[in-house]
Amino acid sequence: MSVQIPVALPQNAYEIAIANGGLAAAGTWLQQADLKAGTKLLIVTNPAIGRRYGDRLVAALQEAGFIVDCLTLPAGERYKTPATVQRIYDKALELRLERRSALVALGGGVIGDMTGFAAATWLRGISFVQIPTSLLAMVDASIGGKTGVNHPRGKNLIGAFHQPKLVLIDPETLQTLPVREFRAGMAEVIKYGVIWDRDLFERLEASPFLDRPRSLPANLLTLILERSCRAKAEVVAKDEKESGLRAILNYGHTIGHAVESLTGYRIVNHGEAVAIGMVAAGRLAVALGLWNQDECDRQEAVIAKAGLPTRLPEGIDQAAIVEALQLDKKVQAGKVRFILPTTLGHVTITDQVPSQTLQEVLQAIANP
């Protein structure tokens, strides 16, 4: 099975390739993306992914004539820092990577974000390839060119837009993905259903396998990957630099990022935080008269069915969430912009959220 989805940007167009066995054929895919044999490639990965898939990828790329080296970085959101990216720069310097060289991100969203940021800034910009191995990275983080690292006071505050040459998705890598990480990716899939693709939402809602990722039928997994990637590609093609429409992809992320930051990126993972953020956004939309209660309840039920949290972590200070929102990247003129549903498949962007309403919603989803 192979599906190719174009990301139709005026100057930086590329393809998302969804291909079973894609890792073994990586050399061919990179050549089709205009990376030539003889190019120096630095694969950036983490220990677990490197052990499982590193040798296979290196062999495939070397067979295609690429000059390949690897760098293993620690796993986890708390390591997505400038200090960790410095290690990529150091390795690039050691290997004497040139402007015609390329970085290859093999892993989840953290690896992809850091590798992309290093590629955006090394020699003022070199090529990079995304080979995501988590569901979350496949359907979201690897697509669209957002790269960056965290600041101690906020998530992704340091970054750049830098589009990959190729996104290569091999669904077979999901077979070894821990269940919790698979569920985290489902949060982003549910997001696409709410903001863009009502039919996708209803298929998720009807599936008896949503809480059993290991039992997910292959045809449903293929649909999830293809429809999610198409949704992201369509939005990015319309608004590459997030000047308007693309902000809808941050649905659930406004409060979600605050939750991640306040818990030190240790208690909840990104997908879990987004799930909590979607619950909050849905309830805000109902409170403001933008969304009906029935669809809000349906969203919350699907999130819970997928094994994702619908309440804030215990002990989190709601006032601290409100304060952390002021560091959100979408703040304009001191006002936090929220992405709120109006009907399944459609959302609106507003900065007209009374602080009292926000506090009431946060109180309602607090753990007792």
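Cβ from N, Cα, C; glycine included.
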Field: Site-mate of G109, V110, I111, G112, D113, T133, S134, K155, T173, L174, Q175, T176 for NAD(+) in Swiss-Prot, selected among K146, K165
entry: K146
Message: Under 8 Å between C-beta atoms and at least six apart in sequence, can you list the same-chain neighbours of D113 (NAD(+) binding site), or say none if there are none?
response: K80, A141, K146, T147, G148, V149, N156, G159
Message: Give me the CA-CA distance between E188 (Zn(2+) binding site) and S134 (NAD(+) binding site), in Å, as a whole number.
response: 12
Binding-site residues (S134, T176), the one with most neighbouring Cβ atoms at 10 Å: S134
Message: Distance check, please: Cα of L174 (NAD(+) binding site) against Cα of H270 (Zn(2+) binding site), rounded to an integer number of angstrom.
response: 17
